[in-house]
Amino acid sequence: MARVRVGVNGFGTIGKRVAEAIMLQPDMELVGVTKTKPDYTAKYAVSRGIPVYVPKESLEEFQAKGIEPAGTIEELLEKVDVIVDATPGGTGRKYKPLYEKAGVKMIFQGGEKADIAELSFSTLCNYEQALGKTSLRVVSCNTTGLLRAICSISRLAPVRRVRATIVRRAADPKEIKRGPVNAIKPDPVKTPSHHALDVKTVLPDLDIVTMAVVVPTTLMHVHIVYAELEKPVTREDVVATFESTPRILLADASYGLASTAELVEYARDLGRKRYDIPELIVWLDSIAVNGVEVMWMQAVHQEAIVVPENIDAIRAVAELAKTAEETIRITDERLGLLKGRIP
């Protein structure tokens with residue numbers, strides 16, 4: 001099987017997860033990753049046998065720390081077919097001219113503005129539209145969670161409108177410069193929050209409004225979602241739809257899975273690396289239906305949920321899989337993703 005050659009620019013929260021996911025795929029080769037600082041994650045990459053590429057001006061700094069770079073970022077781009085930009089939000093735009101000069105396909109993250117790429121991407125919603133594109137933007141963690149649920153529900157009936165409240169984590173576990181520590185902060189105070197606008201980059205005709213607050217936790221986001229459909233459905237219909245959708249798990253609170261802390265502990269007990277939960281978690285008991293109205297609560301692990309979509313985005317631009325079903329089957333099998341109910 002011919003394998004697409006992939007590089008990852010950035011080896012932080014998303015980059016390291018995407019890089020390791022690429023290494024598990026049968027049709028992809030991880031050529032290398034980039035680092036700008038010779039820190040512990042650079043040493044970790046080397047320990048995993050991952051070639052590390054650095055800015056030209058940083059070669060000696062890395063060598064002084066005992067890290068021998070495989071080359072420069074420009075040299076990495078000469079060796080790859082696809083580059084996944086996992087740099088901090090807004091930085092991808094600075095790198096884009098470099099990618100274009102190298103003639104590589106580009107995958108950006110949701111921290112970039114939508115106009116950076118030809119298409120904003122979510123596997124369950126628009127995989128086929130992404131085939132053969134030069135550039136894609138994988139939408140943010142919260143948007144990925146919303147879109148998985150919305151595009152799943154839309155299999156039952158067209159979705160007329162969505163109203164959602166996003167309860168955001170304040171920081172990732174490793175972050176020390178973010179907050180709040182002792183407050184609940186509207187983010188933003190004005191309505192809508194940016195999440196609705198981001199959903200509309202994939203589903204432009206959807207009537208959606210979101211509001212968001214940030215709370216002092218690091219584990220996961222929580223969404224409280226109200227959707228109105230074009231025709232009445234039953235609760236059994238909704239449960240069955242979520243249960244049969246890839247990358248969605250129904251959590252039964254009666255088994256002690258009634259909080260994000262317990263979900264994370266369950267992931268630890270499963271032996272998940274970094275307690276990653278790439279699946280969207282929908283609380284089974286929260287699902288309520290009243291005719292055309294559907295309500296539920298869901299949890300999003302912000303560090304991991306976009307990883308499968310990044311892998312699918314690589315397949316889309318490289319045209320390695322022609323359908324969403326095909327790429328989901330390969331990605332989810334290789335990453336050990338679950339669907340159905342837990343525990």
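Here, residue 1 is simply the first one shown, and the rest follow in order.
Heads up, the Cβ atoms here are built off N, Cα and C, so glycines get one too.
Annotated features, as they stand in Swiss-Prot:
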ACT_SITE  CYS141  active site, nucleophile
BINDING   THR13, ILE14, GLY111, ARG169, GLN302  NAD(+) binding site
BINDING   SER140, CYS141, ASN142, HIS195, ALA196  D-glyceraldehyde 3-phosphate binding site
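Here the features listed in Swiss-Prot are placed on the structure.
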| residue | record | DSSP class |
| --- | --- | --- |
| THR13 | NAD(+) binding site | helix |
| GLY111 | NAD(+) binding site | coil |
| SER140 | D-glyceraldehyde 3-phosphate binding site | coil |
| ARG169 | NAD(+) binding site | strand |
| HIS195 | D-glyceraldehyde 3-phosphate binding site | helix |
| GLN302 | NAD(+) binding site | coil |
Binding-site residues (THR13, GLN302), the one with most neighbouring Cβ atoms at 10 Å: GLN302
Those binding-site residues of SER140, HIS195, ALA196 having Cα within 10 angstroms of GLN302 (NAD(+) binding site): SER140
Between GLY111 (NAD(+) binding site) and SER140 (D-glyceraldehyde 3-phosphate binding site), the C-alpha gap once rounded to whole angstrom: 7
Around the Cβ of ASN142 (D-glyceraldehyde 3-phosphate binding site), the count of other Cβ atoms that are within 10 Å: 24
Among SER140, CYS141, ASN142, HIS195, ALA196, the record's D-glyceraldehyde 3-phosphate binders - longest CA distance, Å: 13
Candidates THR13, ILE14, CYS141, ARG169 (recorded positions) - the one closest to ALA196 (D-glyceraldehyde 3-phosphate binding site) by CA: CYS141
Inter-residue C-alpha distance, ASN142 (D-glyceraldehyde 3-phosphate binding site) and THR13 (NAD(+) binding site) (nearest angstrom): 15
Pairwise C-alpha maximum, in angstrom, for the residues (THR13, ILE14, GLY111, ARG169, GLN302) that bind NAD(+) according to the record: 16
Distance check against SER140 (D-glyceraldehyde 3-phosphate binding site) for the binding-site residues THR13, ILE14, ARG169, keeping those with Cα within 10 Å: none
ILE14, GLY111, ARG169 as binding-site residues, winner by CB count within 10 A: ILE14
